[in-house]
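Notes follow once the structure below has been shown.
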Amino acid sequence: MPSKEGSGCRRWCFTLNNPTDGEIEFVRSLGPDEFYYAIVGREKGEQGTPHLQGYFHFKNKKRLSALKKLLPRAHFERAKGSDADNEKYCSKEGDVILTLGIVARDGHRAFDGAVAAVMSGRKMKEVAREFPEVYVRHGRGLHNLSLLVGSSPRDFKTEVDVIYGPPGCGKSRWANEQPGTKYYKMRGEWWDGYDGEDVVVLDDFYGWLPYCEMLRLCDRYPHKVPVKGAFVEFTSKRIIITSNKPPETWYKEDCDPKPLFRRFTRVWWYNVDKLEQVRPDFLAHPINY
């Protein structure tokens, strides 16, 4: 029998007869964030009617009205059986067009959910918040799994903002007020605690990272940074560098500053009490090319 609206449910199955190309593409485009597990197979009924047979196990309860907004023509019912039962039923004809997450074993829902979150590339802080008990028991193992498979290598140009000016003018405050999660890199080799934050802040910088390392950090190619006992992918979208000194003075004369300047996206200067973006033609070398 079709489900009544009720208070919502996490586990739903559905049938969608004669699916259109648009409906099939929509199903294929679904992402992992909302689901513990999902599977959709393409089948033909006894009368030859093509249809989609699907199963959704959401992380949060969903009402029928919300599901109808996703697939208005589908017939939804509250699911019976386990994830494994529904996996078998929806894949019986072998033409599976969507699978998300992993099938949970009985009594291990939280653990399997945490593993699935790590496998999908979620940040460890997010995994710890969503599965705190699992993290307390298996945090080291989840971290090791994340190091092996969790993060995809960088495939984009990390933006680099340089802001310099006299002490006490507000550079650090400006960096802290920028949007996104932040990792403050301390002096030294290690990046312990780095979890792919949106922004890396190099505060009060004057060349205390090796020049070749700075070039790699500020570039667009895959790069790993060291944590105790391992290396992790550097995936931050933005680097903010604050300094009392202009960037052309950070490194010795035998380090050509031009490659580093080329990686800068924007350069800022505190003029008295006003922050101004420096015009590229006023800088010692060209930037952002």
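Each Cβ is built from the backbone N, Cα and C atoms, and glycine gets one as well.
When Cβ atoms from all protein chains are considered, those within 10 Å of GLU93 (divalent metal cation binding site) total 11, not counting its own. The divalent metal cation binding site annotation in Swiss-Prot covers GLU43, HIS51, GLU93.
Under a cutoff of 8 A between CB atoms, and with a sequence separation of 6+ in the same chain, the neighbours of LYS171 (ATP binding site) are ILE163, TYR164, GLY165, THR242, SER243, TYR270. Sequence annotations record features per position, and here Swiss-Prot assigns ATP binding site to GLY165, PRO166, PRO167, GLY168, CYS169, GLY170, LYS171, SER172.
Summarising the annotation, Swiss-Prot assigns domain 'CRESS-DNA virus Rep endonuclease' to 6-103 and lists sequence analysis as the type of evidence.
What Swiss-Prot lists as motif 'Nuclear localization signal' is 4-13 (among others).
Note on the motif 'RCR-1' (13-16): mean pLDDT across this stretch is 97. Annotation comment: Swiss-Prot describes 13-16 as motif 'RCR-1'.
Annotation source Swiss-Prot lists motif 'Nuclear localization signal' at 60-80 (among others).
Here Swiss-Prot flags 89-92 as motif 'RCR-3', drawing on sequence analysis.
The binding-site residues GLY165, GLY170 differ in how many other CB atoms lie within 10 Å of their CB, and the one with the most is GLY165. Using Cα positions, the member of the binding-site residues PRO166, GLY168, SER172 nearest to GLU43 (divalent metal cation binding site) is identified as SER172. Rounded to a whole number, the C-alpha distance linking CYS169 (ATP binding site) with HIS51 (divalent metal cation binding site) is 65 angstrom. Under a cutoff of 8 A between CB atoms, and with a sequence separation of 6+ in the same chain, the neighbours of HIS51 (divalent metal cation binding site) are THR15, LEU16, ASN17, ASN18, PRO19, ARG42, GLU43, LYS44, GLY45.
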